[in-house]
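Some features that TrEMBL has for this protein:
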DOMAIN    225-274  domain 'RING-type'
REGION    1-23  region 'Disordered'
TRANSMEM  48-68  transmembrane segment
TRANSMEM  101-119  transmembrane segment
TRANSMEM  140-160  transmembrane segment
TRANSMEM  172-192  transmembrane segment
TRANSMEM  300-319  transmembrane segment
């Protein structure tokens, strides 16, 4: 006499299957999988739509930023500066990174005092050199921190700490510290770079020997520095501790003033006659060359730090409004 056939179980999606009875846990798992499949039915089409919106959003935003920058450069620079100053600390606060928020507050307080001095009208003759000295110090500090962070990240990437006997857990913390230092160096270097660029124009305009368009309000005498307004002499300067630098156009400036204007303030022309400045004259050693490369890197990071989070936030809001998940 033949054996009885095995019992037939019906899966959650209705397909019969022969075999031993399923346990309650297996049955619950199958039912959960069936519900998940039902809830996400047609999501492949949604994902394709979301990818299309993302690509189009990135293309349109790039074109919009290029047009804005071309036709309204001043408002674009101001919006970029405000975004660079405000967006990252908001994100840091939401992420609970209070250490970064604390450092940002300290920087903002000290930087606010410098900005207040630079915006005074009339302005003291020592203010430009003080402003450039502050941003040079911030730049050098951020540069050093960024280099240390980069070296730490590089050593961790090649597992050098493990090779010399450091545990893997310690190497991971070592790597995280390097990333934090690299971010601090790049962020505060970029932020101070944008501040000093705008303040350079404002201070030079206030001094009266510079104008973005048209002619300056004041005539520059041969023994005057157009950046700080202090006098110079034919054989040096009234203060022998201050060196002078003569540009190709014939105008003479305090070396600290003109280096601040060109290297720190990102200007490539004489503030009085607007003739192009040979920036190679300011590269006295390999350190100056590396500074120029680092400054160019800071300029490239501005878009990534400021506009990328805003663009992705707008795209996320579009997803939410459209009901895409």
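Just so you know, glycine gets a Cβ as well, placed from its N, Cα and C.
Quick caveat, the model's predicted, so the values are computed rather than measured.
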- Message: Give the nonlocal contacts of the transmembrane segment (48-68) in its own chain as ranges (CB under 8 Å, at least six residues past its ends).
- Response: 75-76, 303, 307, 311, 314-315, 318-319, 322, 324
- Sort out the residues at least 6 away from either end of the transmembrane segment (101-119), same chain, that have Cβ-Cβ distances under 8 Å to it, and list them. 85, 88-89, 92-93, 127, 130-131, 134-135, 138, 184, 188, 191-192, 195, 199, 202-203
- In DSSP terms, the domain 'RING-type' (225-274) comprises 10 helix, 12 strand, 28 coil
- Note on the structure: Model confidence for the domain 'RING-type' (225-274), as mean pLDDT, reads 79
- Residues sitting near the transmembrane segment (172-192): Cβ under 8 Å, six or more positions beyond its termini, same chain? 84-85, 88, 100, 103, 107, 111, 135, 138-139, 141-157, 161, 166, 294, 297-299, 301-302, 305
